[in-house]
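Engineer: The structure follows.
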Amino acid sequence: MTEPTQSGPYTGPPTPQHQPTAPAPGWAPPPRQGAPYPYAATPPAGHGRPATPPGDPAATADRTSGALLILGAVLAVGSSFATLDKSVQYVDEAEEQPVYETVAKAWSYTSGDIGGKTESVTQFSGLLLLFGALVAVAAAVLLLTGRGRRLPLGAGLTVGGAVLLLGTTLSVLTEAFNDTQWDGDGRTTTFGAGFYLLAVAFLLALGATVTTVLAGRHPAGAHPGPAQTPQPWQTPQPWQTPPGGAPAAPAPPAAQAFPPAQPPAPPTAPQG
């Protein structure tokens, strides 16, 4: 005898559970919803090399200030040995031959009759320029080597060196310019090469001071990394994103309806 079967629609064989398959060798698994893209992004620069990070603006400003200070210090020392201004005195303005002259330098002041005896006295403006130039060179070394930001008093020393060179050059320029206030009544003052060299040194010191002060407000930071290339957004398929927003697995196949099973026929008696 056969066992009676249960009546009802035929549901078919049981659906096996989905098992994740391992990816093929050399291939990354597909990304999950909301996970970062596992594949390598296209290099932003050519030849397969990433773009180099930009330089630190604060370090660039320090190197610029250091170079300006060194140039300003050299010009300041060189101008101290050249003539700052020269004044000549005429007996009569109608005559072109001067009779008395004075020559001002940072280290000396000479006056006397032209072609006659002259007197010279020592000035200490050259010592002032030399001291300011030495301090400026020391500040420039701190800026160029990067120690101006690592030392506790580095920022103050660099700004102080630039300001000192700026002040000394301005002081000597003012002294030379004051000699022109005596012009008149046959006296004429002209500026020499030392005055113009000192003026250039003053401008360089001014630029170094401004650059150092502005750079001190923005401390040096870490180098920014290369820019990340945005990945294109992949539109999910209808079967991947249900109305609720969460990923859903594919639905199992619908059960097929079969007619109910017929009961077995009763056994028949054997015939004699």
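Every residue, even glycine, has its Cβ placed from backbone N, Cα and C.
Reproduced below are the annotations present in TrEMBL:
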- 1-60: region 'Disordered' (REGION)
- 11-33: compositional bias 'Pro residues' (COMPBIAS)
- 34-50: compositional bias 'Low complexity' (COMPBIAS)
- 66-84: transmembrane segment (TRANSMEM)
- 124-144: transmembrane segment (TRANSMEM)
- 151-173: transmembrane segment (TRANSMEM)
- 193-215: transmembrane segment (TRANSMEM)
- 219-272: region 'Disordered' (REGION)
- 227-253: compositional bias 'Pro residues' (COMPBIAS)
- 260-272: compositional bias 'Pro residues' (COMPBIAS)
Engineer: For the transmembrane segment (66-84), which recorded stretch in the set 124-144, 151-173, 193-215 gives the largest number of Cβ pairs separated by under 8 Å?
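Structural biologist: Looking at each of 124-144, 151-173, 193-215 in turn, the most contacts to the transmembrane segment (66-84) are made by 193-215.
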Engineer: Restricting to the same chain and to residues at least six past its boundaries, which positions have a Cβ under 8 Å from a Cβ of the transmembrane segment (151-173)?
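Structural biologist: Distal contacts: 62, 65, 69, 72-73, 76, 80, 84, 106, 125, 128-129, 131-133, 135-136, 138-140, 142-143, 195, 198-199, 201-202, 205-206, 208-209, 212-213, 216.
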Engineer: Checking distant contacts: for the transmembrane segment (193-215), what same-chain residues at least six beyond its ends satisfy Cβ-Cβ under 8 A?
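Structural biologist: That would be 57-58, 61-62, 64-66, 68-69, 71-73, 75-76, 78-85, 105-106, 129, 136, 143, 158-159, 162-163, 165-166, 169-170, 172-173, 176.
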